[in-house]
Amino acid sequence: MAQTKSIYTCQNCGAQSPKWLGRCTSCGGWNTYVEEVVEKKKSTSKISVQLSGNQPLTLENIKAEKNQRFPAGINEFDRVLGGGIVPGSIVLLGGEPGIGKSTLVLQMALGLPNKKILYISGEESLQQIKLRATRLEMKQNNCLFLSETSLEHVIAQTEQTMPDLLVVDSIQTVSTEVIESSPGSVSQVRECTSAILKFAKKNDVAVILIGHINKEGSLAGPKVLEHMVDTVLQFEGDTNYMYRILRANKNRYGSTNELGIFEMRGNGLQEVLNPSEQLISKVSDDVSGTAIAATIEGIRPFLIEIQSLVSSAAYGTPQRSSTGFDLRRLNMLLAVLEKRAGFKLLAKDVFLNIAGGLKINDPATDLAVICSILSSNIDVAVDHKTCFTGEVGLTGEIRGVNRIEQRIAEAAKLGFNKIFIPAVNKGFDASAFNIQIEKVARVEEVFRIIFRK
Ligand code: TYD
Ligand code: MG
């Protein structure tokens, strides 16, 4: 006989409690517990011993993967996946609303000619999908579309169609009758994913699940799903800008260091194959306040333009504002500048901007940030054929960076004449690059070289 029981689940992290709690003891969120009814099958009191299940095997007896990956047709997407889609794998694609998840997946689905694809949308009607496809100017292929939110129907349709790839947009809209809580709640999302996962593994169907994240994380975020799925991809960027970055946060079938860069156009997402060329504005010939940083995101080197504007502070408290760069780090760098270059912190407003609306986490950007600020402050342009890489320490020393050869190679490839690198980075052949390499140990040295007149 089935027995019903209610439990309280935190909608933020998925923690459960038999009683309602005002504050989640696990994630600290307030007012996140929601009552959910679970149906429990009456179990027999003893665990019955069965030998009919799977047997343990030695490695040599385990059959190797019979199906090979198939390419998704979009190079940047394949690169992040680690070379293509693995049959039977589950990929979770997360991102803020409006970032372009549905567009990316639809574009991929329509671009795969020889695969059977079932695209389930719980968010958009079939007409809306058709409109989007028209906008993408893609040719029709035999991709099947279904607007559905019931998990039971989704599984039944998938079983009947047996596609190579199943797309579910989004997992938050799918719900099962077994659980009484509303679609999008943690238990619904977890239950639906686990049912889809079981089906996919059994039938070797690759699955792409789209998941929402909202800023407050109050909705059942895909966090709960992260350990269930094989690959977690994150699609990010600033919706006000056109660049989008696809990263892998977890990948059982490839590296998490890869990065895909896209540009949102009027007719869909376009791959950006040479990000450096696009991210450097060609006009900044001899204007002060810009400096080029040779950065690495994941394992991908690119050059990016840092822009600063320093002006006299109009009010008692100077303004500091930064887009795409950590504000606390900016304050730290300004303090270093005050100490080493006589930059009067209290008298200046500082605005910093990373071109293209990208967020940069690489500490090797520091040197370019510092140079661009100083350049704007003294109104002397940095030579536009010079770029920088190096982390700046509190005493003004320039610390070593990783993958220095890749950074130098990228700068040389793009036609830069000179690159400043940390003096501590040794152990590579400088003569192999067609670029002048300037090794510097302290920020004062850099200032002396670039602002010497
Ligand atoms: P969408 O894929 O619906 O986002 P998500 O599924 O992540 O919520 O993309 C929505 C945005 O993308 C929308 O603001 C319009 C824009 N867009 C373009 O700029 N060009 C296009 O070709 C398409 C289809 C969408
Ligand atoms: Mg969408």
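Our numbering is plain: 1 for the first residue shown, then up by one each step along the chain.
Each Cβ is built from the backbone N, Cα and C atoms, and glycine gets one as well.
Record features, source TrEMBL:
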- 66-213: domain 'RecA family profile 1' (DOMAIN)
- GLY95, GLU96, PRO97, GLY98, ILE99, GLY100, LYS101, SER102: ATP binding site (BINDING)
- 250-254: motif 'RadA KNRFG motif' (MOTIF)
- 349-453: region 'Lon-protease-like' (REGION)
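Within 10 Å of its Cβ, the residue among the binding-site residues GLY95, PRO97, GLY98, GLY100 with the fewest other Cβ atoms is GLY98. Neighbour counts were taken as the number of other C-beta atoms within 10 angstroms of each residue's C-beta; across the binding-site residues GLU96, ILE99, LYS101, SER102, the minimum falls on GLU96. The DSSP secondary structure for GLY95 (ATP binding site) is strand. Within its own chain, the motif 'RadA KNRFG motif' (250-254) is flanked in space by residues 69, 80-83, 86, 89, 226, 229-232, which lie at least six positions past its ends and keep a Cβ under 8 Å from the stretch.
For ligand 2, the binding-site residues lying close by, meaning a CB under 6 A from one of its atoms, are SER102; the full candidate list was GLY95, ILE99, SER102.
One way to see the shell of the ATP site is to take the Cβ centroid of GLY95, GLU96, PRO97, GLY98, ILE99, GLY100, LYS101, SER102; the remaining same-chain residues with a Cβ within 8 Å of it are PHE235, THR239. Checking the binding-site residues GLU96, GLY98, ILE99, LYS101, SER102 against ligand 1, the ones whose Cβ sits under 6 Å from it are GLY98, ILE99, LYS101, SER102.
Predicted-model confidence for the motif 'RadA KNRFG motif' (250-254) is 88, expressed as mean pLDDT.
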